[in-house]
């Protein structure tokens, strides 16, 4: 499968950031908000469950983040895998349609937002020129560990039976479907080790996927991804792939981000994106976040100027962050 590309990937990001005013705002936690709106996500499909049961809630959350100032919204396909759907009795064809649906919902939210903003239907964020600022839809690809639903995206320990080829086989069809879904880019998220990063780069090249992509890694400290592999080595793998236009981190405690940005810069000149979690700790046994270790929106946003000065050009939030977090980030970046 080869998708015709009009512009070189790096120029797409350069132009996007220029139109955003040199920095862009990513959205925040999806599952957090779905649960706040009443969704029950106690399921191996996690937020992807709502593609089946309540797609209107997904659209509502996307709209909330757009109203808060996000320039990029990420589809609800993080936990949506064909293998996971099949385990729930959903056919391969139906599963592919659900992947496409995740992007369609995000695109619909963007269209609704632009229409309402242009008509002044709601009091949208004052930090953005809504006539000019671009909005991208990123198709989320969660790691193999996310599919396992055992917290291994936060450890990177997949076991000896998981190889480079088996990871490529696992992700291949999902990547093909999402690349052809109408998304502006593919977001490979919460990558916990070098092996999976390598699998993604080879997939992008083997399949001729020419819409741009970003790689974001989950990290356990200020120097290493979840598995213990150095972030600098992981960023170098991403840097080697032409289709990758951004490298960064997600679902990592905010206190580690500044040092991680510095390490990433040693390996790549690509755009740096960061969307940490709230600083809370995920308990894989109870499948809950430990609240006591989190930071408030005010504390979270206090880091933003430092991250921007360090070299990050795309900033948002991951698990346990909300539209209030993103609104504050948008305001902070607009003041820089």
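Cβ from N, Cα, C; glycine included.
Now, the feature entries from TrEMBL:
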DOMAIN    12-333  domain 'Hcy-binding'
BINDING   251, 318, 319  Zn(2+) binding site
Could you please provide the mean pLDDT value for the domain 'Hcy-binding' (12-333)? 90
Counting every protein chain present, what is the number of Cβ atoms, excluding its own, within 10 Å of the Cβ of residue 319 (Zn(2+) binding site)? 19
